C-alpha cells in the first residue's frame, strides 16, 4: 500500500513541498531565512490575534486599551512585546533574505523575485499601519507625515490623502481603517508567500555556487527540516532575549505619550527598519522627488535581474562584485543611522552622499564591474 502522504490530495502538497522535496546538498545557513520568515509570520498572526481581542480602534480608547493589555490582561505584556519585537525580527530576516538573494544571484528566478518584492511592500505597509495603532505621539505624527507624502502626487494628491484619512486630518476614521487593514494584510502576505513558494518549487532552489545542482540533490526531510528547526530555535532565543530583557530597546519613548495633534514631537522618525528609506526621502529637498526616491529605493530591486551582466550567477567567485556588495551593506547601515539623526549639518550631506551612492552602486557600478570581471576571466 502506498503511503498516505503520497496519495492524499492535501498531504501530497505538503509532502512535495516539505518532505520529499529534492534540495541542493550545499545550501548554507543563508537559506534558512525563508523558513524563519514563515515562523515570524505565524508568530505575528498569533500574537496579533490575541492583541486584537483586547484592543479597541477608537482614538479615545486605543492608547488606554494597549496600557490595559500590558497591565491587566494575563501575559498581555509578553504578547504585546513579542508582537512589537517580532516585527523587528521579521525585518531583520527580510533584509538578510533579500541580501542573500542579491549576493547569490537568486533574482535570476524572476517570478519568485518579483513576488518577493510584492511581499516586501506588503510587509512594510502592514508594519507601518501597525505602528499607528497604539495611538502614541509617534504613531499619530508618523501616520500624518507618511500619508501626507501622497499629496505630492500631481493633481489627485490632496484628494487622495483626504480619502485615505477619511477626513481632513488623521483621526478616528484613519485609526479604524488602519486597524482593519493591519488585520487583513498578514493573511494576504501568507497567501502571497505560498505563491512565492509555488514559483520557487517550479525551478528548485539556487545554491551558493550559482551552478545547477540537479546532479546532486538530497531530500528536504530530515536534512533541512532539522536545520530549519535549529534556525527557528535561534530566532526565538534572540526574540525572547529582546522581549524579556530590553523590550523597549528598539521602540521610541515618544510613543508612551498619548497622541496629541496640538503638540509635534521634536524629531519625527519611523521604526528602525524604515530609517534607510526615510533617510533617502529626506535627502531630496523636493517633495515629489523625495517620494519617488523613497519608492524607488525598494522598487529598484525589480531592475536587478535586468542589470545582471555577469556570466556567473553567484558572487561567490567574483571578488570585485563582493567588495561592491559589502560597500552597499555599509551604505545601507549609514543611511539607517542618518535616518535617526536630526536634519542638520553634517547629517544632511552624509545622507545625500549615501543616497546617491546607494543608487549608483546598484544601477551603475555593479553592472560595470560584472562586465570587467567577465573580461578578466577572458569570457
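Glycine too: its Cβ is placed from the backbone N, Cα and C atoms.
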If you look at how Swiss-Prot annotates this chain, which of 178-198, 199-219, 262-282 comes out as transmembrane segment?
178-198
Going along the chain, which residues six or more apart from residue 83 (heme b b562 binding site) have their CB under 8 A from its CB?
44, 47, 48, 51
Using C-alpha atoms only, work out the spacing between residue 97 (heme b b566 binding site) and residue 182 (heme b b562 binding site) and round it to an integer in Å.
23
Residue 182 (heme b b562 binding site) and residue 196 (heme b b566 binding site), Cα-Cα, nearest whole angstrom:
21
Six or more residues beyond either end and a Cβ under 8 Å away: which residues meet both conditions relative to the transmembrane segment (33-53)?
69, 79-80, 82-83, 86-87, 89-90, 93-94, 96-97, 100, 130, 182-183, 186-187, 189-190, 193, 228, 231-232, 235-236, 239
